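J.: After the structure tokens below, expect a handful of questions from me.
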């Protein structure tokens with residue numbers, strides 16, 4: 001082979017090598033570059049997710065010390081907690097409006113319809129046993145997102161319901177579950193921002209129960225004849241969507257997560273004050289919601305009131321609880337302490353419950369709605385701070401509140417249907433309501449006695465001790 005051929009062969013080899021480099025090597029180099037970029041993207045994504053996770057949890061929060069007991073951030077949490085209470089217990093407290101409407105349109109008995117409301121109560125209370133732990137574990141924001149989504153899904157599905165079993169699932173289970181997931185952590189979060197002003201702070205938050213319980217019936221009363229049931233319920237859903245979205249934007253935990261622990265703190269049941277409180281308040285809540293569900297029905301059945309007028313009873317009943325909740329919270333902070341005030345108010349509420357028996361006119365029923373609404377709103381606003389006062393470790397507030405609510409769930413599940421079943425006794429009519437009214441008042445008074453036991457075991461018989 002000549003030198004010229006060798007040179008051409010070398011050139012050809014170089015050309016072939018070059019063509020291979022561009023034909024096969026180029027993709028290899030490109031893949032290497034893409035892999036490098038992919039690794040960089042993974043690193044960026046990991047950092048981004050880490051930042052998001054730190055915002056969604058409280059793992060990076062350093063223990064800030066004692067509660068600030070005020071300040072802009074603390075009062076913002078109170079305002080946002082108020083919105084959550086409007087959307088949860090405000091919606092639940094307005095079930096009496098649905099109770100009357102469902103009884104008329106579905107042709108079911110009042111006791112049967114009340115299972116929708118009682119199942120809603122059960123899911124709210126029972127799910128709180130698990131959601132309360134979410135606050136302690138640093139998962140408040142995820143719980144708020146998940147719970148809000150479930151509650152809104154339940155409300156919008158309720159607007160599509162035509163049968164009783166559909167209402168049980170949508171309004172009873174789904175709406176109640178979502179409400180329970182968000183309510184207990186919210187209440188526990190607010191208590192961590194306050195110490196000396198905890199009573200008034202929680203009282204402000206719980207006025208949302210009364211405001212919602214008055215506003216939702218007004219919306220239903222005004223819209224139901226104009227746009228029908230389905231779109232009326234959807235309007236309620238859109239209202240909750242706006243309020244819960246606002247709460248999600250501003251609510252932030254103050255404390256870091258505590259060490260992983262059980263959802264249920266079994267040691268708490270060995271504490272006599274806490275256990276006495278659980279028994280007493282279970283009796284109280286078992287009777288209380290009969291009034292929320294059946295007050296409007298009583299006006300229609302006994303006095304022949306129209307549907308709008310019976311709704312007015314529920315509006316008044318809930319609205320009167322707003323000012324008295326604020327007053328009660330202030331008195332509990334400055335004068336008596338939450339446990340002392342709770343005992344007194346439960347006795348008053350039980351006596352007012354028995355006074356329902358003496359109502360003999362429409363005007364008398366309105367008067368009863370005012371005074372019973374006062375007493376019911378007053379003691380309900382004290383419950384969270386009462387539980388906190390029985391707990392020496394504030395970091396366990398969420399768990400202990402959740403445990404209490406889960407116990408109360410069974411009282412809420414059984415109370416309204418039992419009350420509805422009593423309406424058929426004594427010949428029905430006023431005689432049936434008499435049996436239910438006696439059950440309401442006596443259960444509350446018995447519950448008050450158990451709260452006395454809790455107070456005495458904690459601080460003794462001295463009336464001068466603030467607790």
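Each residue, glycine too, has its Cβ placed from N, Cα and C.
All TrEMBL annotations are machine predictions without curation.
Sharing the record's features from TrEMBL:
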type	residues	note
DOMAIN	74-459	domain 'Major facilitator superfamily (MFS) profile'
TRANSMEM	74-92	transmembrane segment
TRANSMEM	112-130	transmembrane segment
TRANSMEM	137-158	transmembrane segment
TRANSMEM	164-188	transmembrane segment
TRANSMEM	200-219	transmembrane segment
TRANSMEM	231-251	transmembrane segment
TRANSMEM	272-293	transmembrane segment
TRANSMEM	313-332	transmembrane segment
TRANSMEM	339-359	transmembrane segment
TRANSMEM	365-383	transmembrane segment
TRANSMEM	404-423	transmembrane segment
TRANSMEM	435-456	transmembrane segment
J.: Are the transmembrane segment (365-383) and the transmembrane segment (112-130) close enough to be called in contact, which here means at least 3 C-beta pairs under 8 A that are separated by 6 or more residues?
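T.: No, the transmembrane segment (365-383) does not contact the transmembrane segment (112-130).
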J.: When each of 164-188, 200-219, 272-293, 313-332 is checked against the transmembrane segment (404-423) for Cβ pairs under 8 Å, which one has the most?
T.: 272-293
J.: Counting only residues 6 or more past its boundaries, what in the same chain has a CB within less than 8 Å of a CB in the transmembrane segment (313-332)?
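T.: Cβ under 8 Å, 6 or more out: 93-94, 96-97, 199-204, 206-207, 209-214, 217-218, 291-292, 295-296, 299, 305, 338, 340-341, 345, 365-366, 369-370, 372-382, 385.
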J.: Which one of these stretches, 112-130, 164-188, 200-219, 231-251, has the most C-beta pairs shorter than 8 Å to the transmembrane segment (272-293)?
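T.: If we count Cβ pairs closer than 8 Å to the transmembrane segment (272-293), 112-130 scores highest.
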J.: Where else in the chain does the transmembrane segment (200-219) make close Cβ contacts, counting only residues six or more beyond its ends and a cut-off under 8 Å?
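T.: Same-chain contacts beyond the ends: 74, 78, 81-91, 93-94, 96-97, 186-187, 190-191, 193-194, 232, 235-236, 239, 292, 311, 314-322, 325-326, 328-330, 332-333, 373, 377, 380-382, 384-385.
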J.: Using a Cβ-Cβ cut-off of under 8 Å, list the residues of the same chain that are 6+ residues beyond the ends of the transmembrane segment (164-188) and lie near it.
T.: 80-81, 84-85, 87-89, 91-92, 98, 102, 106, 108, 112-113, 115-117, 119-128, 130-132, 134-136, 140, 143-144, 146-155, 157-158, 202, 205, 244, 247, 251, 384, 397-398, 401-402, 405
J.: Kindly state the mean pLDDT of the domain 'Major facilitator superfamily (MFS) profile' (74-459) in the predicted structure.
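T.: Taking every residue in the domain 'Major facilitator superfamily (MFS) profile' (74-459) and averaging pLDDT yields 89.
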